[in-house]
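As recorded in Swiss-Prot:
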type	residues	note
BINDING	Leu75, Cys76, His77, Met113, Glu114	substrate binding site
ACT_SITE	Asp128	active site
Amino acid sequence: MSDLTHLDETGKARMVDVGAKDETLREAVVRGEVHMRPETLQRLAAGDMPKGDALATARIAGIMAAKRAPDLIPLCHPLLLTHVAVDVRLDAATSTVQIEATVRTVGKTGVEMEALTAVSVAALTVYDMCKAIDRTMQIGAIRLVRKSGGRSGEIVCE
């Protein structure tokens, strides 16, 4: 269990002490998608949704969610985020809403959880705003694409 930093010597969950770590520029990029019927995607593109501008709302929801990650995820460190961007685009070929979040900070721990939270909540927001016309939607493929900073250096997952 020694390689699991969120567990103490007895196996109990704990918040990792990052006090001795150096402050470095940290960045994480996460992607995810919402699959939907082509008709739903067309209505999104046309801005014809019963609840309003779903894509703009999803972007803002994702940004807000990144800032609230420590309130949602136990033992997640509160961080001073220096940048949060959420990009939401439509892919007609796959009938998906593609979501990408980039989060940065200068700090002692990474920002993957904040980026994962941003994409997750943006996807949930798209779902919520489209569910009245499409109950077949699926949220999926939420994954870390890249992270950098700290002892691990750069990690590229795709």
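Backbone N, Cα and C define each Cβ position, glycine as well.
Feature map: annotations from Swiss-Prot on the structure.
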residue : record                 : CB count, 10 Å
Leu75   : substrate binding site : 11
Cys76   : substrate binding site : 16
His77   : substrate binding site : 17
Met113  : substrate binding site : 21
Glu114  : substrate binding site : 27
Asp128  : active site            : 14
Spatial separation of the residue listed as 'active site' from Cys76 (substrate binding site) - C-alpha basis, Å: 26
Between Asp128 (active site) and Met113 (substrate binding site): CA-CA distance (Å): 22
Listed in sequence order, residues not in Leu75, Cys76, His77, Met113, Glu114 with Cβ within 8 Å of the centre of the substrate site Cβ atoms: Ala69, Pro70, Ile73, Pro78, Leu79, Thr109
Taking residues Leu75, Cys76, His77, Met113, Glu114, which bind substrate in the record, the widest Cα spacing (Å, whole number): 13
